[in-house]
Amino acid sequence: MKVAVLXAAGGIQALALLLKTSLYDIAPVTPGVAVDLSHIPTDVKIKGFSGEDATPALEGADVVLISAGVARKPGMDRSDLFNVNAGIVKNLVQQIAKTCPQACIGIITNPVNTTVAIAAEVLKKAGVYDKNKLF
């Protein structure tokens, strides 16, 4: 089973430590995170990818976790988060729909109540929506 963690350069690194699989973020430090995690002595292989194209991280993925986006800062309200994070989630889900449409997708990008709905609409438009695989 292959798990892809999208936005692996942020605070999700602790989870990536447990999963040790395919990491992606637009931040150029992501391959370095992968190297750091690869030094942990297990049989699991880990790869890190950065840049605008998440395809290499998504190829063959059975599970995709999206944690990408900006965190809420003091003075921000949920609509501020939505304005930024909705576009990020939309872009990543479009790439998932093309590269690994059969994958289960977990979204923890805030505001979750709207980012999951956006993901559902993107998947429906691509003809690959499965209500049992989006959470």
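Cβ atoms are placed via backbone N, Cα and C, with glycine included.
Features of the protein shown, as given by Swiss-Prot:
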BINDING   X7, A8, A9, G10, G11, I12, D25, N85, I108, T109, N110  NAD(+) binding site
BINDING   R72, R78, N110  substrate binding site
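Overlay of Swiss-Prot feature records on the structure.
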{"residue": "X7", "record": "NAD(+) binding site", "DSSP (3 states)": "coil"}
{"residue": "D25", "record": "NAD(+) binding site", "DSSP (3 states)": "strand"}
{"residue": "R72", "record": "substrate binding site", "DSSP (3 states)": "coil"}
{"residue": "R78", "record": "substrate binding site", "DSSP (3 states)": "helix"}
{"residue": "I108", "record": "NAD(+) binding site", "DSSP (3 states)": "coil"}
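Binding of substrate is attributed in the record to R72, R78, N110, and the widest Cα separation among these residues amounts to 8 Å. Of all Cβ atoms in the shown protein chains, 24 besides its own fall within 10 Å of the Cβ of D25 (NAD(+) binding site). For the binding-site residues X7, R72, R78, I108, N110, the largest tally of other C-beta atoms within 10 A is found at X7. Proximity to R72 (substrate binding site), judged by a C-alpha distance within 10 Å, picks out N110 from the binding-site residues X7, D25, I108, N110. Listed in sequence order, the residues M76, D77, D80, L81, F82, N85, P111 complete the 8 Å Cβ shell around the substrate site centroid, once R72, R78, N110 themselves are left out. Across the structure, D25 (NAD(+) binding site) and R78 (substrate binding site) are spaced 23 Å apart at their Cα atoms.
Comparing the Cα of R78 (substrate binding site) with the Cα of every entry in X7, I108, N110, these being the binding-site residues, the smallest distance points to N110.
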